[in-house]
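Report on one structure; see the data block that follows.
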Number of protein chains: 2
Amino acid sequence: MKSPLQDSNVRKVTEKDIIHIFSEVFHFSKKPVLSGSEFDDCAAIDLNFFVSASAGSEPSADASAHSASLLFSTDTVHRKTDFPPSMSPWQIGWMSAAVNLSDIAAMGGKPVAFLAAIGLPADFSLDDTRELALGIHDCVSLFGAEVIGGDTEFHDELTITGTVIGVSGNKNIIYRKNAKPGDLLCVTGFAGSAGVALDILLNDPAFQAAGVDINSAPPSFLKNLTEPYPRVFEGLALSKTGAVTSMMDTSDGLAVSVYELAEMSNVGFIIDAEKIPTEEEAFRILSRVCPDSSSAKEVLLQKALYTGGDYELLFTISPNQLKLVEDVFEKLNAAGKSKSGLSFKSGYVSRFSVIGQAIGEKTVYLRTNLENSMQLKPLLKKGYDQFDK
Amino acid sequence: MKSPLQDSNVRKVTEKDIIHIFSEVFHFSKKPVLSGSEFDDCAAIDLNFFVSASAGSEPSADASAHSASLLFSTDTVHRKTDFPPSMSPWQIGWMSAAVNLSDIAAMGGKPVAFLAAIGLPADFSLDDTRELALGIHDCVSLFGAEVIGGDTEFHDELTITGTVIGVSGNKNIIYRKNAKPGDLLCVTGFAGSAGVALDILLNDPAFQAAGVDINSAPPSFLKNLTEPYPRVFEGLALSKTGAVTSMMDTSDGLAVSVYELAEMSNVGFIIDAEKIPTEEEAFRILSRVCPDSSSAKEVLLQKALYTGGDYELLFTISPNQLKLVEDVFEKLNAAGKSKSGLSFKSGYVSRFSVIGQAIGEKTVYLRTNLENSMQLKPLLKKGYDQFDK
């Protein structure tokens, strides 16, 4: 994941340049690496690798009968780029865990363990520290994992690097690379809400002028940005259907994520602008800021496509599996509502939308309905790249 | 590990306060956690926990027949507290890996995988980035592990959080808690060299006045600080002897580490000042800075006891196992010299010294030889605590 906040530094180096260097230098060579983290949200390493390594034999992927893998991801969040000023220590802790858990969710894994390396600034009190730790703990344990260790040090800028370890049966791991032409493109939850919330929390002048600020916006709406809810239950349930051909999270923005699935799977997509799920509250807020409802709608579409901070799952399924996936979400919501079921947060509804379809042509199109016709335009490949501004 | 560089901020909060909060909040509860990272250099988690979790059953430690664990540690290094100005990007990369590998070594584990979350400042070129990546790669692969993933982002201060995963047979894991009265206290390598090197690299006035600076000091000596060599081979070999009752690394300083073993094992120690191994080169340098050789000797003892940055292994053994441990080091050096053996760096000699003995009384004493008598004084419990200055 990359961070949603803006930064004024101008940089010619892009994140792709840097990832390219790391891929070259680290060249994930060994067989047990089912996927390196340059390809998917997590590195996936065959469990047998650890079994044979611990037995003192040369690590290999076929030492015993396990057909499962460990998933690993590490992500840093820090004040300057990830925490709007109003965020509480608890929210900061929650976010540092959530962004990592989302990576496990994106591969259909089950998070089991978490490590937190925490750099605390001098103005951070012990009470704040406790709240931050609680935020990490609450997020991690809600989704079934446990904090197993960490590191504490002094840092000018509040900086938290989380590392999450997940597990998955090998046949259940979902990569980015297996979408096929004809597959339906789906996304969980709503897109664009985090982007709108960010404008509010950063006191965007247009929002300020319209009287939309942190005090007037519904707190639950702002939490779309400040308390991202990793789709762990959804990812895990989807991984068991066998219906999902590719998946990743949308933390860097919907458009770049669609492009990523397209590139990794060697396909293209047509996305229907009207099917992109956006939140009513986001539209209501933008209606106050924009001159009319049609421009509010357009701005919301831009936010939905091109801003980061939504931690939704973007995935593809075979068209004949749609009913199966619908059933999965129905069951998730039933389990979330039952007292003995999943620990959904209050009022949470697990949902997904079909927003497009994979095509053989390696281009990503956005389809919009004009008055009497449809318009098909290449989607802009833009999103949040911290290095590219 | 904590960082050896000084920082001028005054803080009332100590690292112990913060660790106490984290221990309270995170309360490592589940059975498969053989040791939480508040007790040892790594968290040790039973391999069966991951096997059963991946099989979809409730995680437990007795799901199958493996008697091995995974070891996890995460450590952050950053410019302000860890990288003297002269450090090269390659050395920074090396250090970020080495400090983590040392934690695996300290429990007798074998490192197998590494993740690096790298925050790069704006003035860091692509060439520097490549060198930094190479430093990580070279260190990790020298000791048999592989970089499996990471994260890249923009950060005002160069900040690298490494996470290392190691393996060990459960019976081979060495904790801090099992030293017994009568056990011999041992340490690998030399103590205090990193502290002396730091004074040189930070242009300490006394060193400057004596003409000892980065240009006149032997580059190989400065590497004691800038290229710490994790004692992975030593830790692994020691873990197989069954002779070692407790172990940790000395990254926070020798004195605090001895106190830590004492507290965790519920024993005390008598340390012989004269037996603490120091490097001839360190003494030569201090002899130029100090008025006479006896004060140079005294300063070196202070450095050896109370400065961090030496990544040596501090361990205890039963007295009747000394020969066995001596044999281990003899074999290590033979293997290091053979072309097919361990990848020791050029000129490296694997060594250890017996520096004291565990006692039943829960105090740590330093024994010094005066002209006609011996003096026994409680050892100062001081070392590098980044939060306590």
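Every residue, even glycine, has its Cβ placed from backbone N, Cα and C.
In TrEMBL, the Mg(2+) 3 site is described by A:D103, A:D249, and among A:D40, A:D41, A:D183, A:D310 the residue recorded at this site is A:D41. For the binding-site residues given as A:S73, A:S251, A:D252, the lowest number of other CB atoms within 10 Å of the residue's CB is seen at A:D252. Same-chain residues at least 6 positions away in sequence with a Cβ under 8 Å from that of A:R176 (ATP binding site) are, in sequence order, A:F39, A:D40, A:S246, A:M247, A:M248, A:E260, A:L261, A:M264, A:S265. Using a cut-off of under 8 A between C-beta atoms, the binding-site residues A:S73, A:T74, A:D75, A:G150, A:D249, A:D252 that neighbour chain B are A:S73, A:T74, A:D75, A:G150. Per DSSP, the domain 'PurM-like C-terminal' (A:231-330) is made up of 59 helix, 16 strand, 25 coil. The average per-residue pLDDT of the prediction over the domain 'PurM-like N-terminal' (A:66-167) is 94, rounded to a whole number. Separating the Cα atoms of A:D41 (Mg(2+) 4 binding site) and A:D249 (Mg(2+) 3 binding site) is a whole-number distance of 8 Å. A C-beta separation below 8 Å, combined with a sequence spacing of at least six in one chain, links A:D151 (Mg(2+) 1 binding site) to A:L115, A:A116, A:A117, A:I118. All protein chains included, A:D41 (Mg(2+) 4 binding site) registers 29 other Cβ atoms within 10 Å of its own Cβ. Using a 10 Å Cβ-Cβ cutoff, A:D75 (Mg(2+) 1 binding site) registers 29 neighbours. Neighbours of A:T74 (Mg(2+) 1 binding site) among the binding-site residues A:D82, A:D103, A:G150, A:D249, A:D252, defined as a Cα within 10 Å of its Cα, are A:D103.
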